[in-house]
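S.K.: These came from TrEMBL, pasted as-is:
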- 3-59: domain 'WHEP-TRS' (DOMAIN)
- 37-407: domain 'Aminoacyl-transfer RNA synthetases class-II family profile' (DOMAIN)
- Asp130, Leu131, Thr132, Arg157, Gln173, Asp177, Arg326, Tyr330, Tyr331: L-histidine binding site (BINDING)
Amino acid sequence: MAERAALEELVRLQGERVRGLKQQKASAEQIEEEVAKLLKLKAQLGPDEGKQKFVLKTPKGTRDYSPRQMAVREKVFDVIISCFKRHGAEVIDTPVFELKETLTGKYGEDSKLIYDLKDQGGELLSLRYDLTVPFARYLAMNKLTNIKRYHIAKVYRRDNPAMTRGRYREFYQCDFDIAGQFDPMIPDAECLKIMCEILSSLQIGDFLVKVNDRRILDGMFAICGVPDSKFRTICSSVDKLDKVSWEEVKNEMVGEKGLAPEVADRIGDYVQQHGGVSLVEQLLQDPELSQNKQALEGLGDLKLLFEYLTLLGIADKISFDLSLARGLDYYTGVIYEAVLLQSPAQAGEEPLGVGSVAAGGRYDGLVGMFDPKGRKVPCVGLSIGVERIFSIVEQRLEAELLYKKNPKLLNQLQYCEEAGIPLVAIIGEQELKDGVIKLRSVASREEVDIRREDLVEEIKRRTSEPLCTC
């Protein structure tokens with residue numbers, strides 16, 4: 001009894017701690033961690049008064065979805081799938097778990113995030129970490145050398161979740177890949193075009209696609225004096241520049257990974273540069289970088305890629321960014337990542353990236369790792385970060401609803417101004433009688449009556465782009 005009383009006191013104290021953190025508006029991650037401790041303590045209490053108690057919660061880093069949330073997800077998936085099909089992709093599926101040896105050694109430092117399963121039938125298995133490695137195994141196993149495919153399925157990572165930012169341990173990936181031998185940069189340009197089409201159609205905000213090449217990074221590391229054995233781990237540090245300052249990245253490279261300070265400074269001179277095709281041309285003239293064969297090949301391909309991107313009308317959405325590293329070991333060439341942009345606080349400032357929503361790159365050597373004869377199949381692909389997109393769309397929907405019988409028009413118009421909604425459709429008694437809808441420009445406050453059948457076309461004309469599909 002004394003032991004149970006002591007445990008009940010721990011539960012009470014932990015409960016007070018959780019309530020205190022909520023009152024202090026602590027971070028969601030900290031609250032979630034303390035709630036997990038509370039639930040664990042409660043579980044230790046066991047059955048009481050003849051009743052068995054269960055901990056009713058989803059596992060850490062996972063969630064349930066209501067019918068309303070599933071409706072949002074279906075609409076987002078519809079936009080993505082229709083774009084994949086429009087570009088000629090076929091759909092495949094693979095098992096949710098793979099042989100452990102299939103996944104081992106493909107993800108660099110991220111390999112520690114793979115979920116291993118207990119031996120249940122004579123095979124060592126792991127839950128899939130992404131959809132790319134299973135795809136490469138599928139190509140090698142079926143001796144395929146040419147396919148354009150998409151795959152939408154759940155993947156699993158033993159990561160620290162951040163639920164409010166769409167970061168989970170179980171989540172969907174939406175992948176599109178082109179496998180086969182084609183003229184340089186044409187498949188890569190198509191992948192970037194698809195990425196831009198999907199993000200524009202979903203209308204989740206302004207975005208920028210950062211582009212780099214692993215060959216440029218490797219060449220840069222070589223001329224800066226990074227030992228070959230440290231390429232991948234230094235690459236992983238550089239990839240953090242979108243989240244932390246250069247000083248923090250330098251301290252990690254020097255203090256934790258043993259890189260010489262002068263080598264880190266030379267890397268810093270390169271990785272803090274970003275721009276367009278003009279930066280590519282500038283680096284082609286760099287006296288040291290241009291002498292490195294790998295870097296020269298990468299820069300040449302990027303120059304050609306920008307020519308295609310200009311023809312496709314998306315060059316203004318693309319930025320050549322030397323800090324983009326993409327830590328996964330299997331990338332061999334062009335790499336890219338789409339980030340949502342936050343409006344600058346002051347005029348003249350550059351927009352800030354507030355989160356990755358898509359990524360991908362070229363991985364020409366991955367299929368050869370599985371082929372018994374080492375035959376390579378060139379591949380390039382992209383993955384849409386749908387969980388983050390779902391979070392954004394869901395948050396917007398929560399803001400759009402007013403749970404009032406008779407919300408005041410002035411309040412609704414004020415909300416539209418604050419949320420940046422450009423047009424408002426107003427339907428009152430008079431509009432119903434006249435068979436029209438009053439369309440109001442929020443910025444100019446100008447109002448005009450539009451016939452119902454003409455409303456969609458009028459909104460399209462005024463916004464000069466498709467209506468939001470979500």
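Backbone N, Cα and C atoms are what each Cβ position is placed from, and that goes for glycine too.
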S.K.: State which of the following binding-site residues has the fewest other Cβ atoms within 10 Å around its Cβ: Thr132, Gln173.
M.R.: Gln173
S.K.: Counting by DSSP, what is the helix, strand and coil composition of the domain 'WHEP-TRS' (3-59)?
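M.R.: Within the domain 'WHEP-TRS' (3-59) the tally stands at 39 helix, 2 strand, 16 coil.
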S.K.: Specify the count of other C-beta atoms within 10 Å of the C-beta of Arg326 (L-histidine binding site).
M.R.: 22
S.K.: Mind giving me a neighbour count for Asp130 (L-histidine binding site)? Other Cβ atoms within 10 Å of its Cβ, every protein chain shown.
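M.R.: Taking all protein chains shown, Asp130 (L-histidine binding site) has 19 Cβ neighbours within 10 Å.
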S.K.: My understanding is the cutoff is Cβ-Cβ under 8 Å with a sequence separation of 6 or more in the same chain; which residues meet that for Tyr331 (L-histidine binding site)?
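M.R.: When sequence neighbours closer than 6 are ignored, Tyr331 (L-histidine binding site) has Arg214, Gly361, Arg362, Tyr363 within Cβ distance under 8 Å.
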